């Protein structure tokens, strides 16, 4: 199979894999919102975000294992050693996380006094949902193994199967309350993760799982994982902390905000799923000593991403009210569609830098700029508190855009200064196109003039035509580049 076709297959599998989670949220969120009280739905959203925070460790470990497996595919013994050390590490992390959940359950909801208005057992729900993500962390090395051998389609199939079961059961049991839903979530998620282990064992029947500590390899895995963890925590400060900020300073908007973020995460998830498998060809190029090819690939991908985001935001502006209308009802959609468009634009713009981050992971140099995503996360958190207290939940979009563009300006300068393949196109992708998106959206929101709206739409359509041509050319160029590997 050619390098380009292999990438398409893994990207499609990743999209399906990610969408099994996103679609679950898209289908279930309106049902929960209509059948639970706003307080109960807010508890559900807050506990899921706690779970996402815990899941950061599993995501990092999955990528870590995937990289080590990809590096040693020709040496099964090294692959097994990497798996064993990763399993030991995941067990250690999970014990720490589980202890943290029980401590957090005692104090967490004291920050949200409105929670006292419900009969649901908020502490139990937090423990069940949090423990589900701890179980995900324990089994994450097995998912990482399939990522490393470029068989994301296997995990995608398993995820879809169990998410369909989970979604169906939640829809059937929603009238029994949040406590029952949390128990169902915990049980089905556990079976889902056990299935990954069974599949791994079926592919490695000749290998006996003998866990023994290899200090050097264990340390190498921990160091690589730590670099990813910094990035992932910074990402959470940007994409996950908003739920807590809105819950603290604008609790009455939390239910609507959480529902919108489900759709926003769907859009972001598509881009993320598309790009993640590119790390394997990047590693192959790097191993061949062709770092210029890696940089050329990154430049093209970033340019494509920026143009896709421009087109996607334009389409979303028109489609938002209808999508939300079908999903939540047109009464809700009328109140929420502007916030949705701004949130989607802000979070998609941040994804433009994703190929650069993956390049650093492929090089094993993600720690070299770890301070930048941390700075972005802290800046975003501070700005979100400021804007949410003044403007409400929509302030999350303002803080995400401002912090994202500022840090991307730094990324662009740093990347071009260090790259062997110099290109000013990086500034167009990181700065010019995002600013164009912001200007168009702000103009549409701030004015009601039909004439101005028509002028903006005309300009956007002209750019979309040009960008479509560029995207087709860049995809053909990437295809030729990847087929060399």
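Glycine too: its Cβ is placed from the backbone N, Cα and C atoms.
According to TrEMBL, the feature transmembrane segment maps to 12-31 (among others).
According to TrEMBL, the feature transmembrane segment maps to 43-66 (among others). Within the chain, the transmembrane segment (43-66) has long-range Cβ neighbours (under 8 A, six or more residues past its boundaries) at 32, 36, 82-83, 86, 89-90, 93, 97, 100-101, 104, 108-109, 112, 115, 118, 120, 122, 125-126, 129-130, 132-134, 136-137, 140-141, 143-145, 147-148, 178, 181-182, 221, 224-225, 228-229, 232-233, 235-236, 240, 243-244, 247, 254-255, 258, 279, 361.
Counting only same-chain residues 6+ beyond the ends of the transmembrane segment (87-112), those with a CB under 8 A from a CB of the stretch are 42-43, 46, 50, 54, 57-58, 61, 122-123, 126-127, 130-131, 133-135, 137-141, 209, 211, 213, 218, 221-222, 225, 247-248, 251. The transmembrane segment annotation in TrEMBL covers 87-112 (among others).
What TrEMBL records for 124-147 (among others) is transmembrane segment.
Residues or ranges marked as transmembrane segment by TrEMBL: 180-200 (among others). Using a Cβ-Cβ cut-off under 8 Å and counting only residues 6 or more beyond its ends in the same chain, the transmembrane segment (180-200) has close neighbours at 32, 44, 47, 124-125, 128-129, 131-132, 135-136, 138-139, 142-143, 145-146, 154-155, 158-159, 162-163, 165-166, 169-170, 173-174.
According to TrEMBL, the feature transmembrane segment maps to 254-279 (among others).
Counting only same-chain residues 6+ beyond the ends of the transmembrane segment (300-330), those with a CB under 8 A from a CB of the stretch are 26, 30, 33, 259, 263, 267, 271, 275, 278, 336-337, 340-341, 344-345, 348-349, 351-356, 425-426, 428-430, 433-434, 436-437, 440-441, 444, 460, 463-464, 467-468, 470-471, 474-475, 477-478, 481. TrEMBL lists 300-330 (among others) with the feature transmembrane segment.
Beyond its flanks by at least six residues, the transmembrane segment (336-362) meets 63, 67, 228, 231, 238-239, 256-257, 259-261, 263-265, 267-268, 271-272, 275-276, 278-279, 282-283, 286, 294-295, 297-298, 301-302, 305-306, 309, 312-313, 316-317, 320-321, 324, 328, 368-369, 393-394, 396-398, 400-401, 404-405, 407-408, 411, 415, 429-430, 433-434, 437-438, 441, 445 of its own chain at Cβ-Cβ distances under 8 Å. Sequence annotations record features per position, and here TrEMBL assigns transmembrane segment to 336-362 (among others).
Residues or ranges marked as transmembrane segment by TrEMBL: 369-388 (among others).
For 394-413 (among others), the entry in TrEMBL reads transmembrane segment. Under 8 Å from some Cβ of the transmembrane segment (394-413) lie the Cβ atoms of residues 238-239, 242, 245-246, 257, 338-339, 342-343, 345-347, 349-350, 352-353, 356, 369, 372-373, 375-376, 379-381, 383-384, 386-388, 426-427, 429-431, 434-435, 438, all in the same chain and six or more residues away from its ends.
Feature annotation from TrEMBL assigns transmembrane segment to 425-444 (among others).
For 450-472 (among others), the entry in TrEMBL reads transmembrane segment.
Long-range neighbours of the transmembrane segment (369-388) within the same chain, counting only residues 6 or more positions beyond its ends whose Cβ lies under 8 Å from a Cβ of the stretch, are 227, 230-231, 233-238, 241-242, 245-246, 249-250, 360, 394-396, 398-400, 402-404, 406-407, 410-411, 414.
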